[in-house]
Amino acid sequence: MASLCNSSSTTLKTPFTSSSTSLSSTSKPSQLFLHGKRNKTFKVSCKVTNNNGDQNVETNSVDRRNVLLGLGGLYGVANAIPLAASASPTPPPDLSTCSKAKINATTEVPYTCCAPTPKDMRKVPYYKFPSMTKLRIRPPAHALDEAYIAKYNLAISRMKDLDKTQPDNPIGFKQQANIHCAYCNGAYAIDGKVLQVHNSWLFFPFHRWYLYFYERILGSLIDDPTFALPYWNWDHPKGMRFPPMFDIPGTALYDERRGEQIHNGTVIDLGSFGDQVQTTQLQLMTNNLTLMYRQLVTNAPCPLMFFGGPYTLGSDVESPGTVEVIPHSPVHIWAGTRRGSILPDGKTSNGEDMGHFYSAGLDPVFYCHHSNVDRMWNEWKAIGGKRTDIQNKDWLNSEFFFYDESGNPFKVKVRDCLDTKKMGYTYEPMPTPWRNFKPKTKASAGKVNTSSIPPVSQVFPLAKLDKAISFSINRPASSRTQQEKNAQEEILTFNDIKYDNRGYIRFDVFLNVDNNVNANELDKAEFAGSYTSLPHVHRVGDTNHVATANLQLAITELLEDIGLEDEETIAVTLVPKKGDISIGGVEIKLADC
């Protein structure tokens, strides 16, 4: 496989250097598929939507075990449900105020993450999309041929070469990685308040724009305007392993600062919290598909549940959307080193590279991962219902700052990145089996006797979630009509969650089970969702390393599935997996969707 990066015939030029590099013209499909045995069958309906708005429904008789073996809550949204929720539009950062980014409150990143500063930010123009004759098509990483992999490796190699010859060039590999570091680790300030693009409705549009320019830079470095980033298809069993092309030592796509768990075809855990779950690969794949269904279907019926809550500069309450929490953050955690382990340079790991915001962009797989995160935006809207882009002008008019493939500075707006076709790219369709993976098996028979467990008022505030706990809680309404359900979503809300933001955290939520539930098997109808987080710098102060978040889970569908629609009181069970966590209170409310 190392030969994939050898040069042969095609000479390519870069606008930043006179040297040329050759690209192999060899093309041989990569054999990345495994095959399993057939067992019981079920129907998978896969609606594939492209950027032209076309939809194809593929219904196949698929073996459930073969799908898994053979192929290889609203989360933290504070005040996020009402679409009238308001926050001022976020302007692009004031680059003149850029300072050292932080790994945590007391440790600074050992280099500057600040981008080159234009002479006059007031004269930086707004970006206009160039004319195009053909859409760039982003392919799934597990199905790439050798010619594509060689081209991708060459583009990253040339980007890394710029670090040596032109370290201040904004399209160099480290400068591009620093964009994420600065935006996400407290380097930028606006009006004296730290800017952060994670844990809010800025998450999806920022990363879409980020990848847009990154992709165009790679294409320019190999003189191929049709070049498109691959996507790590971790939402499909074929892609639930580390993409092999990134795990070849000596290539530009390799990063030695990855954890050992990515090797040997290990199945990824889309709910990873830093520790290995003791279960089978089949169960892990089942858990992954269950998590995908919960995150994109059950817990994301409304725009602000999917995207995250409105962003206010300097806010000390985190409000990430469903996909940002899971699977986005767990994929970062899974691909990084284990915290506290020793890195190749002898330093103690903070989770580098993928496992920490400041260093994530230094791993080429980061962009492949976020390509699939971006794809989830399209897939979520294709599900239908009220799953549409946010119409709030504060979101639409928020701005970011980037450099294009020629090294020219531009400002961009959220409103201009809603249609990937207009941006010049689309995704090669892949089936989405998670859409049809609603958990149907029940963990318990009948209904839990709510009178036998303490009421919510006796359990919360909870100083430390260090063991599984069950409590009863009253609902605001029962036996609702379908019209009432369509108008308002029933939300289970955990308020004032506090945890140490230097480490990983995870806890799971179940309805109608006791505290003996097997939390390693998530494919149960009673599983409501999970909360997890990546280490990051807090937005304000952060002298005590404490982050604050709210967790909201949509439970209307869940109550129907487990037969609790008519119950006035239900049982809730929390199962801690990782980290020191406290919770201020819990409530159920109805909210406009």
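Cβ atoms are placed via backbone N, Cα and C, with glycine included.
What TrEMBL lists as region 'Disordered' is 1-31.
The annotation compositional bias 'Low complexity' is assigned in TrEMBL to 7-30.
Annotation source TrEMBL lists disulfide bond at Cys98-Cys114 (among others). Here Cys98 (disulfide bond) comes close to Thr112, Cys113, Cys114, Ala115, Thr117, Ala182, Ala187, Tyr188, Ala189: these same-chain residues lie at least six apart in sequence, with C-beta atoms under 8 angstroms from its C-beta.
According to TrEMBL, the feature disulfide bond maps to Cys113-Cys181 (among others).
For His180, His198, His207, the entry in TrEMBL reads Cu cation A binding site. Counting only residues at least six positions away in the same chain, the Cβ atoms of Val197, His370, Val373, Asp374 sit under 8 Å from the Cβ of His207 (Cu cation A binding site).
Among residues of the same chain six or more beyond the domain 'Tyrosinase copper-binding' (198-215), those with a C-beta under 8 A of the stretch's C-beta atoms are 76, 90, 136, 176, 179-180, 183-184, 227-229, 304, 307-311, 315, 318-321, 324, 357, 367, 370-371, 373-374, 377, 390, 395, 398, 400, 402-405, 412, 414, 417, 420, 423, 425, 536, 549. The feature domain 'Tyrosinase copper-binding' is assigned by TrEMBL to 198-215 (among others).
Residues annotated as Cu cation B binding site in TrEMBL: His328, His332, His370. Listed in sequence order, the residues of the same chain lying 6 or more apart from His332 (Cu cation B binding site) and placing their CB within less than 8 Å of its CB are Met354, Gly355, Ala360, His369, Leu534.
Annotation comment: TrEMBL describes 363-374 (among others) as domain 'Tyrosinase copper-binding'. Across the domain 'Tyrosinase copper-binding' (363-374), DSSP assigns 10 helix, 0 strand, 2 coil.
Taken together, the residues in the domain 'Tyrosinase copper-binding' (363-374) have a mean pLDDT of 98 on the 0 to 100 scale. His328 (Cu cation B binding site) sits 17 Å from Cys181 (disulfide bond), counting Cα to Cα. When DSSP labels each residue, the domain 'Tyrosinase copper-binding' (198-215) comes out as 13 helix, 0 strand, 5 coil, counted as helix, strand and coil in that order. For His198 (Cu cation A binding site), the number of other Cβ atoms no farther than 10 Å from its own Cβ, over all displayed protein chains, is 25. In sequence order, Tyr210, Phe357, Tyr358, Ala360, Gly361, Phe366 constitute the residues six or more apart from His180 (Cu cation A binding site) in its chain with CB-CB distances below 8 Å.
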